[in-house]
Every structure is written in C-alpha cells, then in structure tokens.
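Undergrad: The structure is given below, and queries will be raised subsequently.
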Amino acid sequence: MIPPEPPQPQLQPPPPPAPPNHVVTTIENLPAEGSGGVSLSASSRASMRQRIRKVLNREMLISVALGQVLSLLVCGIGLTSKYLAEDFHANTPVFQSFLNYILLFLVYTTTLAVRQGEENLLAILRRRWWKYMILGLIDLEANYLVVKAYQYTTLTSVQLLDCFVIPVVILLSWFFLLIRYKAVHFIGIIVCILGMGCMVGADVLVGRHQGAGENKLVGDLLVLGGATLYGISNVWEESIIRTLSRVEFLGMIGLFGAFFSGIQLAIMEHKELLKVPWDWQIGLLYVGFSACMFGLYSFMPVVIKKTSATSVNLSLLTADLYSLFCGLFLFHYKFSGLYLLSFFTILIGLVLYSSTSTYIAQDPRVYKQFRNPSGPVVDLPSTAQVEPSVTYTSLGQETEEEPHVRVA
C-alpha cells in the first residue's frame, strides 16, 4: 500500500512593493550596533542619518519648487487675461477655457483613442463616462464663477474668499481619500493663510485697484461657489491620477470640457466674441493664455501625484504675489514691504507643511491586524484590493511595520 503524500506547505504571496516615494529606512529605525541584522558603528549611523536628512531636505525643496512652477503658470494666465480684458476689452472667459480644452482634446484624448485594450477611449467611456462628464462640468464652472466674480466684488474679497478652497480640499481629502494630517500640517496651513492675509492688507494700504464692487454679495457667493468646485475638482483629480492615470484624466477633461464649454460659448458668449477687435496682439495674448493654461493642466497632475492636492493649493497662494511683482513693472503698481513679508511667510508655511508626511488610513481589518501582529492571519476576499502598508502622500517619509496579511 502506497502511503499518502504529505501535504504541501501553503505558499504565502510576496509582500506588496513599497510605493515609489516610500523611504524604507528612516532616521528613527536605523539598526543599532549589536542588534539583529546589520551592525553599524556610531560613525556609520551618523553618516547614514546625514545622508537621509539630505535626501528628505532635497525632496522637500523639490516639492516647494514644483508648486512655484504652477504658481508662475497661474501668474501668466492672470497677466494675459488682464491685458485682454482691460487693454483690448475682450471679456471672453468661456472662449479662453474652450481653447485650453481643445488643446487637451487634441493631445490627450487622441492619445487615448489610439490606445488598445482597457485604456482605449471607448473602453473608458463605457465604464466611467458619467463620472468624467460631471467632472468636466465642475472644472469648467469653477473657472467661470471665479472670473465672473471680478465683475461684482472687489479684488480683496476674491483673494480672501478664494482661500476657501483649502478647507474644502482638506475636508474632502479626509473623508474621501482618507488622508490624515498631523499638527505641523495645520500649522503650515495657518502660516500660509496668514501670509495671504498680509498680502491683502498690503493691497489695502497701498490703494491697489479693487474693482467696482457694485453687487458685493453676489460676487462673494460666486467666489465661494468657484472655490468649492475647485476643491472638488482637485480632490477628484488626485483620486484619478493615483488610481488610474494622468493621461486618462486629461483626455477625459479635454473631451467633456470642450463639449460643455462649446455649448456655453454658443449660448452665453458668442456676442462678446464677435466684438473682439482681432489683430496680431490679441492673437498672441490668446496663444500665451492657452499655452500657460495647457501647461498648468498638464503639469498639475504630476505635482499632485508627487505631493497632494492640499499642498498644490497652498503653493498657488503665491501666484497673486508673482502677478503683483510683474505688475510693479508692467502696470506701475505701488510697492510695499508687506508684499515681501507675505511671500516669505507663505514659503515658510509651505516648508512646514512639506516637512513631514501625511498618511492614508487603512482598511479596518488591516488596521486591526496591524495593531495586533501576533494575531491570526486575516483572509481578505479577492475583490478587496487593500494595501497592508501605510501609504504616505508627502515627501518626508516614515516607515511602519507591515502587518501579516494573506490576500486570497
């Protein structure tokens, strides 16, 4: 009689790889001399600590610098819009957005159209068309409401109320992206907003042109509505680029943004477009605006994926200051030392915010096993794609022990 074969041991799948920006070794968890594993002398530990600090500081500075590139693009958008509206009386915000969406369509939507398989344009539309339709409409109206608000309220009100996008992004990120913040993040946010308030105070003191403000309540409500839609759009964008792809997001925004802005242009702005005194200068301004807007839309997903939607919106607070510094030479604005104080205050807030990591809350079952490593192995259904490690969304990374999880 042949004896039965002994049961084969069940193989565990390898642990999931760490995220690309996840620093596996931190200053706090360096192995001590004499502990299990690699032994390091005091000088080796000090050298490694110094190298890690350099890496983290470099990544933090890169984060701040990338945000300032976005601010410069927003500055270019503001300057070209100001020249079009004030010097050439071309009040065409929907047409300007339409040009940007057409560029996105030509570059990214056509890229999706020539792809094969599940990343093809038609395959994406079959699965998620209604989500991108809503997102395209939100993105278009966010731009329109804020630009429209300048006709009703003052510049100071727009600058202050536009900061409302920051708490909107924080709340949506907390509840929908499960991002958790630390005390230093809130301190950095408060410092950035104080810097913005300093800039608004400087505008009042030097008597910078504030606009008509004929129906201030309507204008303020338009700014709040636009800021809320901006927050929704930015958080939704972060979710898409982290789970899907940047090209898919931009291709779908180009498709539905061009569709809705074309309809809105035909209904609301066709008469204004006919009044534009077309010449080479106006054409050049429209080209400059479209180039800055296309660059902003194309580059922002890269920065959001490297940092977060909250960090990007904090970085954009300096865009008004860049516009003001350009206005000192182009429009002969009066200068105040408070502008420099405001600029450096915002930068300090950005450095504080980027100096430590945020993290994403885990699935409760994984979190329970994480808190009790000696407990039994948790079997998760195959449909639940859960990462058993803490995922960080900013650049100063930390590491936690991964739980023992078996995914069926």
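Using N, Cα and C of the backbone, Cβ positions are placed for all residues, glycine too.
TrEMBL annotations: computationally assigned, not manually curated.
Keep in mind it's a predicted model, so treat the numbers as computed, not measured.
Pasting the relevant annotations from TrEMBL:
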REGION    1-20  region 'Disordered'
TRANSMEM  60-79  transmembrane segment
TRANSMEM  99-117  transmembrane segment
TRANSMEM  129-147  transmembrane segment
TRANSMEM  159-179  transmembrane segment
TRANSMEM  186-205  transmembrane segment
TRANSMEM  217-237  transmembrane segment
TRANSMEM  249-268  transmembrane segment
TRANSMEM  280-300  transmembrane segment
TRANSMEM  312-333  transmembrane segment
TRANSMEM  339-361  transmembrane segment
Undergrad: Hey, which of 217-237, 249-268, 312-333 has the most Cβ-Cβ pairs under 8 Å against the transmembrane segment (186-205)?
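TA: Ranked by Cβ pairs under 8 Å, first place goes to 312-333.
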Undergrad: If you count every Cβ pair below 8 Å, which range out of 60-79, 99-117, 217-237, 280-300 shares the most with the transmembrane segment (312-333)?
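TA: Result: 60-79.
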Undergrad: Please tell me whether the transmembrane segment (99-117) and the transmembrane segment (249-268) touch - that is, whether there are at least 3 C-beta pairs under 8 Å between them, with each pair 6 or more apart in sequence.
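TA: Contact between the transmembrane segment (99-117) and the transmembrane segment (249-268): present.
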Undergrad: If you count Cβ pairs under 8 Å, which stretch among 129-147, 217-237, 280-300 touches the transmembrane segment (249-268) the most?
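TA: Comparing 129-147, 217-237, 280-300 against the transmembrane segment (249-268), the winner is 129-147.
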Undergrad: Using a threshold of three or more Cβ pairs below 8 Å, and leaving out pairs closer than 6 in sequence, do the transmembrane segment (280-300) and the transmembrane segment (60-79) count as in contact?
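TA: With 3 or more qualifying Cβ pairs, these stretches touch.
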Undergrad: Quick test of the contact rule: Cβ under 8 Å, at least six residues beyond the ends. What residues does that give for the transmembrane segment (129-147)?
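TA: Those are 81, 93-94, 97, 101, 158, 162, 222-223, 225-227, 229-230, 232-233, 236, 252-253, 255-257, 259-261, 264, in sequence order.
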Undergrad: The transmembrane segment (280-300): which same-chain residues, six or more beyond its ends, come within Cβ distance under 8 Å?
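TA: Beyond its ends, the transmembrane segment (280-300) has Cβ neighbours at 69-70, 73-74, 76-77, 80-81, 83-84, 88, 90, 96-97, 99-100, 103-104, 107, 237, 250, 253, 312.
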